[in-house]
Amino acid sequence: MAAVPPGIRMLVSFDRDQWYRALTFILTFLLYTSFHLSRKPISIVKSELHKNCSPVSEIATLASSSGSPQPPPQPPIHADMDCSWKPFDKKNYRQLLGAMDYSFLCAYAVGMYLSGIIGERLPIRLYLTVGMLSSGLFTCLFGLGYVYNIHNMGFYVFVQVANGLVQTTGWPSVVTCISNWFGKGRRGLVMGLWNSHTSVGNILGSLIAGYWVSSNWGMSFIVPGIIIAVMGVVCFFFLIEHPNDLKSMYAQNTSPGKRVPTKSWNEVNDGHTEVYHQYKDNQTQSYDTELLLPSDSLCVPAQTVVVVKRESEPSAISFMGALRIPGVIEFSLCLLFAKLVSYTFLFWLPLYITKTAHLDAKKAGDLSTLFDVGGIVGGILAGVISDRLGKRATTCAVMLLLAAPTLYGFSMISEFGFGPTIGMLLVCGGLVNGPYSLITTAVSADLGTHKSLKGNARALSTVTAIIDGTGSIGAALGPLLAGLLSAGGWDQVFYMLMTADFLALLCLLRLVTKELTSSKSPPTSAVELKEH
């Protein structure tokens, strides 16, 4: 008989719970990847909404100066596309593009505070499905502006605001699911890998939008919109919110007369309960036999089982109570400035590459994905290093300190060819997105389970909402300021980014000093996953 292949042996070694846990990890990863995939096209299409019209004007000037009779030119299908797409053909096009970014991000920041409250009162699977279908609709609507030749600025602003609101359904939902399944015991490496969905979505969104941007930029929105809508359907059919949902399903499928294995429950609630000892049959016997036979008629091995009796449900922490947790204010402000830098790159990097390197929209979009590749590596390294050292604030501070001169170097070296530009994009992505990723995952979990809370797990959502909501304000301000400052030159944009980076560093100085003067060893307590 042939030996069983090692791959098959590995597959059958996993139990049912491990398979469902892997399914939840992969599914939530793909779901939030589609969210970022649908956000990216606007940054790719910007260079197409306002193009360099000098070649067209030069041809017209040469034709008129030659004096030779020329036949009247035939108007194209979209005459506006010969130069720029109205209303972005004016000199204040940067301010208009920045206003679109601000509309989306401001709605996202406001909606983030409300989304957690609403999501706690609705089934996560249905809440997330509705949000993804709605986001797909509004993303496609933006692309239909090209199909139906819409040049009304109000239409595009409305679509951006609506899309920003419905996109807030994503992060609280996927974080809740991943926390329900994995809970404690997850280290920085796992969190960094899972949180890379942000960069993966940005990369895929850039590639998809870049494929269509030069020929039909409407498809740059329609295709991602269809993808996130399809993933919403997948979410409806396959997302399991909590392991207990499966237990109830199997309990319903177990009918009298079937043989049911009985096994002990091994979860304990951190000592805030009374503990009782019982004996339970560890053999497999029929349902009827368990009910009918007296307990003394069976001679079975006894196994000690710990049964936990829960106390009353703890009350939710107040907003001011969450602010009193040491570190919440500092990390919230730090994330505000860190997200300002990250989202400025997210929305303006392709246009910057187009203008400085004189590349078309597709090549600029492809090149900008390197920033997100560096972000994946930076997020994983930040998680692993902070776990090893046990110093979250110090890890963030060091990366922020290195990011500032790197941003200045990128503004200077991007004019010296592809090689240096590629290298600096990777380094900038790692140093900028590393602290951002760490704060939105491990740091949020650490603060949400702070010892001052005395095991109140309901504080997690409140703390996370404060940190993420404050960071989203920075995400809204960054692209808006970039649109205003870029009119006076791109150097001013980079000075703004470096200033924000230093302010983020200053916000952490007190925590860094406390960590460095502390003699405690790296924490061994587990942390949970929390956001974007």
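Quick reminder: no glycine exception, Cβ is built from N, Cα and C everywhere.
Annotated in TrEMBL:
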TRANSMEM  19-37  transmembrane segment
DOMAIN    27-516  domain 'Major facilitator superfamily (MFS) profile'
TRANSMEM  96-118  transmembrane segment
TRANSMEM  124-148  transmembrane segment
TRANSMEM  193-213  transmembrane segment
TRANSMEM  219-240  transmembrane segment
TRANSMEM  328-349  transmembrane segment
TRANSMEM  369-386  transmembrane segment
TRANSMEM  393-410  transmembrane segment
TRANSMEM  422-447  transmembrane segment
TRANSMEM  459-481  transmembrane segment
TRANSMEM  493-512  transmembrane segment
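The transmembrane segment (493-512) shares more Cβ pairs under 8 Å with 393-410 than with any other stretch in the list 96-118, 369-386, 393-410. When Cβ-Cβ distances under 8 Å to the transmembrane segment (393-410) are tallied for each of 96-118, 193-213, 328-349, 369-386, 422-447, the top count falls to 422-447.
Outside the transmembrane segment (96-118) by six or more residues, the chain places 39, 42, 46, 49-50, 87-88, 90, 127, 153, 156-157, 160-169, 171-172, 343, 347, 351, 461-462, 464-465, 468-469, 472-473, 475-476, 479-484 with a CB less than 8 A from a CB of the stretch.
Mean pLDDT, taken over the domain 'Major facilitator superfamily (MFS) profile' (27-516), works out to 77 on the 0 to 100 scale.
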